[in-house]
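**Q** Could you have a look at this structure, given as structure tokens, before my questions?
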Amino acid sequence: MVVPPLLRAVIMGPPGSGKGTVSARIIKHFGVKHLSSGDLLRDNMQKKTEVGILAKSYIDQGRLIPDDIMTRLMLNELKGLDRYNWLLDGFPRTVAQAEALDKECQIDTVIDLDVPFETIKCRLTARWIHPASGRVYNLEFSPPKVQGIDDITGEPLVQRDDDKPETVTKRLQAYDAQTKPVLQYYREKGLLKSFSGTETNKIWPHIYAFLQTKLPDVSQKDAATPR
Ligand SMILES: Nc1nc2c(ncn2[C@@H]2O[C@H](COP(=O)(O)OP(=O)(O)O)[C@@H](O)[C@H]2O)c(=O)[nH]1
Ligand SMILES: Nc1ncnc2c1ncn2[C@@H]1O[C@H](COP(=O)(O)OP(=O)(O)O)[C@@H](O)[C@H]1O
């Protein structure tokens with residue numbers, strides 16, 4: 001029996017472009033493991049680990065965490081996932097990180113959410129999250145069933161400190177300066193697959209169709225209208 005190779009995928013896009021939202025749909029339909037650098041950092045901050053304490057000072061200023069720390073943290077987590085299909089979210093965010101990742105494994109595809117900055121800014125101020133699971137809500141787009149409460153656990157939702165308008169501006173600047181070159185890096189390797197738009201629900205069917213060429217849909221839902 002020929003075993004298909006494991007999928008090594010990355011999802012990229014500016015802050016608020018919908019990486020977390022799309023990742024949740026990819027997990028549901030394609031059963032891949034998801035590793036989000038932001039969720040991992042927030043978990044470390046909440047537990048007040050050494051990395052968490054250091055990360056907080058950068059995140060609060062809308063700056064990226066230094067490459068060596070971030071790379072060590074993520075590559076270490078990836079070791080535990082080497083038998084699974086996986087999707088990386090939020091990493092790599094610099095060319096140095098992408099090069100370090102390349103030394104460890106061969107990336108198959110990079111999904112780029114190309115959403116304009118003006119669309120993003122108002123989304124982030126309405127974002128609420130459930131920190132323990134990484135579940136993400138939006139007061140207009142995907143509100144929780146009960147205001148301020150996670151649908152699954154019933155625990156309270158919080159707003160991210162770095163979703164303040166002034167920090168969002170700094171994060172978008174960091175994206176332009178440090179992360180856009182990563183798109184070019186993957187474009188040159190022929191791995192970049194960009195999806196442009198202003199609404200996740202319109203972009204998603206295209207991503208779904210693209211991923212179906214790589215993995216079977218493992219969800220029970222009607223695949224004709226994938227949500
Ligand atoms: N209005 C609107 N909000 C969206 C859409 N897609 C995602 N969101 C919300 O925008 C915010 C940012 O999305 P998220 O997936 O966290 O983006 P990430 O920062 O790239 O991981 C969240 O509050 C989402 O619920 C959309 O199409 N329209
Ligand atoms: N790969 C990374 N390299 C450096 N810093 C990172 C990385 N991933 C996350 N961070 C830090 O964590 C913050 C939150 O990341 P994330 O949750 O992915 O947010 P968003 O996608 O909304 O920008 C970033 O603004 C940055 O400070």
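For all residues, glycine too, the Cβ spot is worked out from N, Cα and C.
Copying in the features that TrEMBL gives for the protein in this structure:
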type: BINDING; residues: Gly16, Ser17, Gly18, Lys19, Gly20, Thr21, Arg127, Val136, Tyr137, Thr200; note: GTP binding site
type: REGION; residues: 36-65; note: region 'NMPbind'
type: BINDING; residues: Ser37, Arg42, Arg63, Leu64, Ile65, Gly90, Phe91, Pro92, Arg93, Gln97, Arg160, Arg171; note: AMP binding site
type: REGION; residues: 126-163; note: region 'LID'
type: DOMAIN; residues: 127-162; note: domain 'Adenylate kinase active site lid'
**Q** Near Arg160 (AMP binding site), which of the binding-site residues Gly16, Gly18, Gly20, Arg127, Tyr137 can be found within 10 Å, Cα to Cα?
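**A** Those near Arg160 (AMP binding site) - Cα within 10 Å - are Arg127, in sequence order.
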**Q** Averaging the per-residue pLDDT over the region 'LID' (126-163), what integer do you get?
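**A** When the pLDDT values over the region 'LID' (126-163) are averaged, the result is 94.
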**Q** C-alpha of Arg93 (AMP binding site) to C-alpha of Gly20 (GTP binding site): distance in Å?
**A** 15
**Q** Based on DSSP, tally up the residues of the domain 'Adenylate kinase active site lid' (127-162) by helix, strand and coil.
**A** 2 helix, 12 strand, 22 coil
**Q** List the binding-site residues Gly18, Gly20, Ser37, Ile65, Arg160 whose Cβ sits under 6 Å from any atom of ligand 2, in sequence order.
**A** Ser37, Ile65
**Q** Please identify, among the binding-site residues Gly16, Gly18, Gly20, Arg127, Tyr137, the one with the smallest Cα-Cα distance to Phe91 (AMP binding site).
**A** Gly20
**Q** Work out, from DSSP, the number of helix, strand and coil residues along the region 'NMPbind' (36-65).
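**A** Taking each residue of the region 'NMPbind' (36-65) in turn, the totals are 20 helix, 1 strand, 9 coil.
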**Q** Based on a Cβ-to-ligand 1 distance below 6 Å, what subset of the binding-site residues Ser37, Ile65, Phe91, Arg127, Arg160 would you report?
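**A** Result: Arg127.
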